[in-house]
Each structure stands twice: as C-alpha cells, then as structure tokens.
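This report refers to the structure that appears directly beneath it.
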Amino acid sequence: MSPTNWSILVFLCCAISFTLASDPDTLQDLCVALPSSGVKVNGFACKAEANVTAADFFFDGLASPKAINNTVGSLVTPANVDKVPGLNTLGLSLSRIDYKPKGLNPPHTHPRATEIVFVLEGELDVGFITTSDKLISKSIKKGEVFVFPKGLVHYQKNNGDKAASVISAFNSQLPGTFSIASALFGSTPTVPNDVLAQAFQIDTKQVDEIKTKLTPKKT
C-alpha cells in the first residue's frame, strides 16, 4: 500500500471513530433514507429492507475535481445522506472541496458536526475562531489534516498559485452549512439594513451594495 493510500485509510478510520460524538447511535443494521415518505424524526424514514441495494451505499462524486464557476473560487461536493441514502442514522458523511489558485471557502459553520480535512493536493491557510474571539490558524499541505470544532466559524484559503483540494469528514450524516456572509446579506426575507449597518459599523448604502453581490441570482 502506498504512503498516500495508507494516509487516506488512517484518515477515514479516524473519521469513523469520532462519529460516536454526534448523531445518535443506530438501533438496527441499516436504515436507508426514504425522503419520499415525507416523514422526518431527527433523520429520514427507512426504506423497506427488501428494496435496499448496493447503490444506496455508493457514490462516485468525490473521485475527481469539479468545475468551479463562482466568485469565491471554491466548490464543495458533499457525500451526505442526500447523496448516499445508506448513511441515514450512521452519523458520518464526507465532502470534497476544490479550490482555484487564491480560492476561498468563506467563513461558515457546521451546526451539527465537527469537521476534519485531509489535504489531497496543494496548500491551504485554514483557521477557526473560538467563542472568546481567538483565531486558531495554520498553513497545511498535502497529506496533512486539520480539525474544525463543531459549530465554530472557520475558513480555508488557497493562497498558492496552484489548485488545491481536500476531503472533509463529518460526524453527522447531514452536518449543515451556515455561510456567514450569505446568511446575513442574502437571506429571504432580508435582514433589515439598519441592523446590518449598526452591527458592521457601515452605512446602509454599503449594506445594499453587499446585498446586491451576495443575493442569489434568479434564473
């Protein structure tokens, strides 16, 4: 086994072990998600076991980089219960994040999970902020890992001139993502301008300018 494959194996084993800290333990062998049922009890209803197939536990969407077509220069490809129904009740999910040179995964939180990233290619400047406003940051490179504690604001930035990518593991089947800037300036209905102006110590004209940039475009 090559050093790279061994590192990935160790990373995945660690990711599996820390699932005990989040989603509740399963009470049966499997519970493949059945979103069409419309029933949610802190998860999804189970598909009848007679109808379960290997496809419910398979996803090939993390194998290669995806095209990045946005202003921040990064793209997250999730492998959560929405993509892998067999993850339902298992308390685990992955994502692949690709970054253009100078690309940013903007400050955000995962309200339901701790995250650990394994660098596949390139180098990143990463960090998270504690509730006492302390920034914990580091530069990481291929083969290295970094942990973002559950619920804390964090980011990743590719300051290099080459593309970068990571695999992220979460101790939740659906960790959720709360992007700070887009949530505050792009919500529906919108947060009142005077609230944002006072919070960020800017004027309402500047608030409008930011909202214009972050509000999702209608297609």
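Every residue, even glycine, has its Cβ placed from backbone N, Cα and C.
What TrEMBL records for this protein:
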type     : residues                       : note
BINDING  : ASN105, HIS110, GLU115         : oxalate binding site
BINDING  : HIS108, HIS110, GLU115, HIS154 : Mn(2+) binding site
DISULFID : CYS31-CYS46                    : disulfide bond
DOMAIN   : 60-208                         : domain 'Cupin type-1'
SIGNAL   : 1-21                           : signal peptide
Item to check | Between CYS31 (disulfide bond) and HIS154 (Mn(2+) binding site): CA-CA distance (Å) | outcome: 32
Checklist entry - From the Cα of GLU115 (oxalate binding site) across to the Cα of HIS108 (Mn(2+) binding site), what is the distance in angstrom? => result 12
Checklist entry - For the domain 'Cupin type-1' (60-208), what is the mean per-residue pLDDT, to the nearest integer? => result 96
Item to check | Rounded distance in angstrom between the Cα atoms of ASN105 (oxalate binding site) and CYS46 (disulfide bond) | outcome: 34
Checklist entry - Out of CYS31, CYS46, which of the disulfide-bonded residues has the smallest number of neighbouring Cβ atoms within 10 Å? => result CYS46
Item to check | Cα distance (Å, whole number) from CYS31 (disulfide bond) to GLU115 (oxalate binding site) | outcome: 24
Checklist entry - Taking just the CA atoms, what is the gap between CYS46 (disulfide bond) and HIS110 (oxalate binding site) in Å? => result 25
Checklist entry - Cα-Cα separation of CYS31 (disulfide bond) and HIS110 (oxalate binding site), in Å? => result 24
Checklist entry - Can you list, in sequence order, the residues of the same chain other than HIS108, HIS110, GLU115, HIS154 whose CB lies within 8 Å of the CB centroid of the Mn(2+) site? => result THR109, PHE128, PHE148, LEU152, VAL153, PRO175, THR177
